[in-house]
Amino acid sequence: MARMNRPAPVEVTYKNMRFLITHNPTNATLNKFIEELKKYGVTTIVRVCEATYDTTLVEKEGIHVLDWPFDDGAPPSNQIVDDWLSLVKIKFREEPGCCIAVHCVAGLGRAPVLVALALIEGGMKYEDAVQFIRQKRRGAFNSKQLLYLEKYRPKMRLRFKDSNGHRNNCCIQ
């Protein structure tokens, strides 16, 4: 079987959020994958595709793996969106400067969708979030995912008001 050329992992940073969008490793490429995660200070991986590797080595390195698979080319379920936004809010509040890695098979569809949702919830417009991610991850998103993101209405879960009732420009307080 021919080896697929996979895009390099890309870091997406917005306000106080840091994400690493990447493709899935295999057991054969796991050590290199772990090195890459450590280089970016990743403490949590969200795996949104079927498992292609054993998580034992990753967990031994202190990196928590969450399995939230959803169908390739499709938008995430409401439950996955809720879980994702809760994770983002908690991680960046409790571990400032940390990085959350997200991967699907190629890192072009499902993983970028979750990162785009976090950017939108953080105050970025849908079009800007798509362009911002595509500048770093060419080919990200298919037409069904773009339509989902266009219709997505932020719940303002990653924006807060200060004690005076003013919107705080900081994403998470």
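The backbone N, Cα and C atoms fix where each Cβ goes, glycine too.
Quick look at what Swiss-Prot annotates:
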ACT_SITE  Asp72  active site, proton donor
REGION    97-132  region 'Interaction with ATF5'
ACT_SITE  Cys104  active site, phosphocysteine intermediate
BINDING   Val105, Ala106, Gly107, Leu108, Gly109, Arg110  phosphate binding site
LIPID     Cys170  S-farnesyl cysteine
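Swiss-Prot feature annotations superimposed on the structure.
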residue: Asp72; record: active site, proton donor; Cβ neighbours (10 Å): 15
residue: Cys104; record: active site, phosphocysteine intermediate; Cβ neighbours (10 Å): 24
residue: Gly109; record: phosphate binding site; Cβ neighbours (10 Å): 23
residue: Arg110; record: phosphate binding site; Cβ neighbours (10 Å): 29
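Note on the region 'Interaction with ATF5' (97-132): residues 4, 6-7, 9, 11-12, 14-15, 17-24, 37, 40-49, 52, 70, 72-73, 75-76, 80-81, 84-85, 87-88, 91, 139-142, 145-146, 148-150, 152, 154-159, 171 of its chain, located 6 or more positions outside it, place their CB under 8 angstroms from a CB of the stretch. A straight line from the CA of Arg110 (phosphate binding site) to the CA of the residue listed as 'active site, phosphocysteine intermediate' spans 6 Å. For the region 'Interaction with ATF5' (97-132), the model's average pLDDT works out to 84. On a Cα basis, the residue listed as 'active site, phosphocysteine intermediate' lies 8 Å away from Asp72 (active site, proton donor).
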